Amino acid sequence: MKAQPKASHFIDGEYVEDTDGTVIESLYPATGEVIARLHAATPAIVERAIAAAKRAQPEWAAMSPMARGRILKRAADIMRERNRVLSELETLDTGKPIQETVVADPTSGADAFEFFGGIAPAGLNGSHIPLGQDFAYTKRVPLGVCVGIGAWNYPQQIACWKAAPALVCGNAMVFKPSENTPLGALKIAEILHEAGLPKGLFNVIQGDRDTGPLLVNHPDVAKVSLTGSVPTGRRVAAAAAGNLKHVTMELGGKSPLVVFDDADLDSAVGGAMLGNFYSTGQVCSNGTRVFVQKTIKDEFLKRLKVRTEAMLIGDPMDEATQVGPMVSWAQREKVISYIEKGKAEGATLIAGGGIPNNVSGEGYYVQPTVFADVTDDMTIAREEIFGPVMCVLDFDAEDEVIARANASEFGLSGGVFTADLTRAHRVVDRLEAGTLWINTYNLCPVEIPFGGSKQSGFGRENSLAALEHYSELKTVYVGMGPVVAPY
């Protein structure tokens, strides 16, 4: 098989196999071919991973932030040296085109290790509080054992985005990738340990929806960070609340992208395409509700149709391919069902809408699809599709579009295209979302916080803000004089 790992799990610095677990077949989305067979973690494997993390964490926390950061930066260097190999593995794992993975996936993961490794000495400072004769100080301390639960759209990136801040704060992590994309996280574990990470600090176990509760409910776990769907997030948050665990949730969205009539039209079309078709539309922050001012709608749709139909769909390993398959057969069927709902509910199909005829019939392909004349009450405008389906809605005025954009249970992200920067700032101030873009879309460098509001989650990934979610403040009051007691 093309990508068979040494074993299913990586625990305490070594590969571990346990064939008692349910078989997980890793399928190449472009062909449906089995490229690896792994096993889900049994309860014994879960216990072993958490025990290793708990055992290793105190000594790691006692190291200086500089020493911890040095290891992460070394891991970043190794990832960059092996970018091509990691990118090819990511393409096999997800089906995303190699032209995407070589610039986006391992690269972003390496950036996370470099960023958090570099800010460790300065980012983990406390404060000094003068109190007259006395004083107090605060310090940031690690939480302990953290659990990371990944999604299947950016498996390597997500593993690094969670591991980097957790480790630099002095925690240990047990990471469970999606059963659809089990391979990348194992390579990240290898690289971290090659870079000098002590054993037991980053463990990877495979599993499905039955494995997550074993991790989330474990009494030795202090923190859970999930990237996934809203229903999964609700279940995990409810379980974590029972033991008062720290939680970060990066969930789904149905984000608005607003195009005003003074926008650079080609840039707006390009932004809408990036915000709907990159990674075959499997991006949580996608601006899938594209609100276009009526005066430019026809020209916007004309240019969008031409560019969408010119996209190259094909073999993800071909450097020319711009659109790959969905991650799984089930996801493709879900997307096709939403396209059919859009047609049935009266939306106008502008481009795509089916399965391309130039690819393997065994692959999980869907054409990039554009609907116009979409109304706010249509299913495709309300529910997260998580595929290459763009909904174009029209509007007249600013107040109107803001109210409609906010009329959603989600609040992950949003965007505005306009030449009027005063209006741009005014609009983003009123949009109910955690991450917003002006005259661009879906750029997420590790230097900036990323996360949502409302049903799209809470907490933040990346930037200095992430340190707050993998540590807690300890306050120390220092008395400098005799104790005065009334008794």
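Just so it is clear, glycine is given a Cβ too, placed from its N, Cα and C backbone atoms.
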Site co-member for NAD(+) according to Swiss-Prot, given Gly150, Ala151, Trp152, Lys176, Pro177, Ser178, Glu179, Ser229, Val230, Pro231, Thr232, Gly252, Glu384, out of Cys284, Cys444: Cys284
Collapsed DSSP category at Gly457 (K(+) 2 binding site): strand
Candidate with sparsest Cβ neighbourhood (10 Å radius) among Asp93, Glu179, Glu250, Glu461, the listed recorded positions: Glu179
Lowest local Cβ density (other Cβ within 10 Å) among recorded positions: Lys162, Lys454: Lys454
Under 8 Å by Cβ from Trp152 (NAD(+) binding site), same chain, sequence gap 6 or more: Thr94, Pro177, Ser178, Asn180, Thr181, Gln282, Val327, Ser328
Three-state secondary structure, Glu250 (active site, proton acceptor) (per DSSP): strand
From recorded positions Glu250, Gly457, Glu461, the one whose Cα lies nearest Gly150 (NAD(+) binding site): Glu250
Closest of Ser26, Leu244, Gly457 to Val230 (NAD(+) binding site), Cα positions, binding-site residues only: Gly457
Of the binding-site residues listed as Ser26, Asp93, Leu244, Lys454, the one whose CA lies nearest the CA of Glu461 (active site, charge relay system): Lys454
